[in-house]
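Report on one structure; see the data block that follows.
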Amino acid sequence: METSKKTEAYTTQMDAARKGIVTKEMEIVARKERRTAEEIRALVAEGKAAIPANKAHKSLSPEGIGSMLRTKINVNLGVSRDCTDYAVEMKKVESAVSMGAEAIMDLSSHGDTQPFRRKLCAECSAMVGTVPVYDSVIHHKRDLATLTADDFVDVVRIHAEDGVDFITIHSGITRKTIEQIKSGKRKMNIVSRGGSLVFAWMVMTGNENPFYERFDDILDICEKHDVTVSLGDACRPGCLADATDACQIEELVRLGELTERAWKHNVQVMVEGPGHVPLDQIAANMKVQQTICHGAPFYVLGPLVTDIAPGYDHITAAIGGAVAAAAGAAFLCYVTPAEHLALPNVDDVKNGIISSKIAAHAADIAKGIPGAREADDRMADARRKLDWEAQFACALDGETARMIRDSRKPEDDHSEACSMCGKFCAVRSMNKALSGEYIDIL
Ligand code: SF4
């Protein structure tokens, strides 16, 4: 086996893997995942794991995305008409990465988006993703209907040159989708922002989807810069009633075909998935995707398991995300309490990240990912010892745990228990009973 130090004779991580080359990115991923570099290389060669790593993203700490690896989470940020401060967004990025987000999607949709995107790729250690269709109107400063297929491809090229590691493109819908949606069988039509823009462009211009028709041109760009393609699911269900319907499955079949076409170009692929899905349909959705898309890593947007909890959709998504990841999804897009309601603020972002981390971690334990349960076992030891500092150290959000304990201390300030049970603390009673000590309750 060759190593990347001996040769750079490859285009993408997938190309290297297929040539038997272990890149430095594969070595780093192997260390993080407690696998051998050869195992990671083999997974990347097969397309079962992706290492999104644009050659121009020099600050990247690479991560592997695949159902047999630790479940990763993505955080959506970016400037918009209602939030124009780059510095505030950059602070959110730093805080998201420190809380454990492995990817940041820059969904900027206002002003000059390039400086923020370039800053992100220059400074951010997490993977950076974008949705070029969002940026097309802004970059060209022309209304959607006046844009040409070349205009869309140009924006893909600019994002690739700027250093983004993965791009979401909605290549799976075609003019046939227009008729399906117009038939009115769906309650929520298309809820994907990018998908709705592509759909609207097709309706207004009468042309075929440029991200489908020009897919090979896009792949050439992605291969040159090693940009991973994230095949967007324009027809992801936007409510439980639309879940697993013909629109969703037909698009998925096309995404499976596009996956194979991308792999022929040595371009790494992720496939995006639902959406709003009843709990009992999630595992089946994951299995169908794995089969139709040949085991490509699945990137899910939720799934949200009920439609009636606005304000709490970080919870509905975490329930669905945990089930999805345990059944094979590799990558979870965070959902915040502001979903369906407003732009998330700093607290919403934090709640969304922690909820997604809990879902990802719960799934990793269920899947038996190496080392996944170690922190839980340390927490159990710390709880048995009533060692609060050790408990805060293993907690996913130790700061909040400390704040809650400190704000409601037990009556006896020196008590090793907490105010939940006070002197009736089961842990304290058991520790004392087992060591033959007297147990004072009154
Ligand atoms: S007081 Fe109750 S909740 Fe608190 S540590 Fe003891 S057993 Fe646990």
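Cβ coordinates come from backbone N, Cα and C, glycine included.
As annotated by TrEMBL, substrate binding site applies to ASN76, MET105, TYR134, HIS170, SER192, ARG193, GLY194, ASP233, ALA234, CYS235, ARG236, GLU272, TYR299. Residues annotated as Zn(2+) binding site in TrEMBL: HIS276, HIS340. Summarising the annotation, TrEMBL assigns [4Fe-4S] cluster binding site to CYS418, CYS421, CYS425.
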Listed binding-site residues with Cβ under 6 Å from ligand 1, out of SER192, GLY194, ALA234, HIS276, TYR299, CYS418: CYS418
HIS276 (Zn(2+) binding site) and TYR299 (substrate binding site), distance between Cα atoms, whole Å: 14
[4Fe-4S] cluster site shell beyond CYS418, CYS421, CYS425, criterion: Cβ within 8 Å of Cβ centroid: PRO410, SER415, ALA417, SER419, MET420, GLY422, LYS423, PHE424, ALA426, VAL427, ARG428
For TYR134 (substrate binding site), nearby residues of its own chain (Cβ under 8 Å, 6 or more apart in sequence): LEU107, SER108, SER109, ARG193, GLY194, LEU197
In the chain carrying SER192 (substrate binding site), residues 6 or more apart in sequence that have Cβ under 8 angstroms from it: HIS170, GLY232, ASP233, ALA234, CYS235, ARG236
Between HIS340 (Zn(2+) binding site) and CYS418 ([4Fe-4S] cluster binding site): CA-CA distance (Å): 37
Position of peak Cβ density within 10 Å, selected from the binding-site residues ALA234, CYS418, CYS421, CYS425: ALA234
